[in-house]
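*Asks:* Here it is, the structure, as structure tokens.
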């Protein structure tokens, strides 16, 4: 049975890092899905931007972040699962794996879509937290209109909580990753 791990957290809390560490341990039995990929692909196509730079982690993406958030919220207002669906369709057309790691869940409706589409028994929620000083050391600076909008704050008050919460303030060794996989009930051996 396919398991889907929905990874969420604030900017610069290590969502990509943890996703990549989990995938490395799970190997070819897993793939990383990014809900932001279809957002960035459509935005780049629409404005004729450099998609590779937009997919990266540098200042180019930050320059367009606020406008992408506004536009993607408009799309979600019409179809809350649109970007989740497109990201999953693209990923599953490339590779079928027992474990899907969705590295950038940001909204309650993202979680809702995955639970409705695949069933709650297949969906595991992982919330990453990091202290503000840790995030700052990773390059985060509070930005009004980005850090105080639903794309960053919607999951702060998730009513039914998360299946697993992980403080990600230090580099995790392999044992910590294995413990996390056990807590997520994912077979890695």
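The backbone N, Cα and C atoms fix where each Cβ goes, glycine too.
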*Asks:* The ATP site in Swiss-Prot lists 10, 11, 12, 13, 14, 15, 16. Which one of 131, 138 belongs there according to the record?
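*Replies:* According to Swiss-Prot, the candidate sharing the ATP site with 10, 11, 12, 13, 14, 15, 16 is 138.
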*Asks:* Rounded to the nearest angstrom, how far is the Cα of residue 168 (substrate binding site) from the Cα of residue 10 (ATP binding site)?
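*Replies:* Roughly 11 Å, rounded to the nearest whole number.
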*Asks:* Should any of the binding-site residues 13, 15, 138 have a Cα within 10 Å of the Cα of residue 168 (substrate binding site), which are they?
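*Replies:* 13, 15, listed in sequence order.
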*Asks:* How far apart, in Å, are the two Cα atoms that lie farthest from each other among 10, 11, 12, 13, 14, 15, 16, 138, the residues recorded as binding ATP?
*Replies:* 13
*Asks:* For each of 10, 11, 12, 15, count the other CB atoms within 10 A of its CB; which of these binding-site residues has the top count?
*Replies:* 15
*Asks:* Using the Cβ centroid of 10, 11, 12, 13, 14, 15, 16, 138 as the reference point for the ATP site, which residues of the same chain not in that list have Cβ within 8 Å?
*Replies:* 9, 17, 128, 130, 135, 140, 168
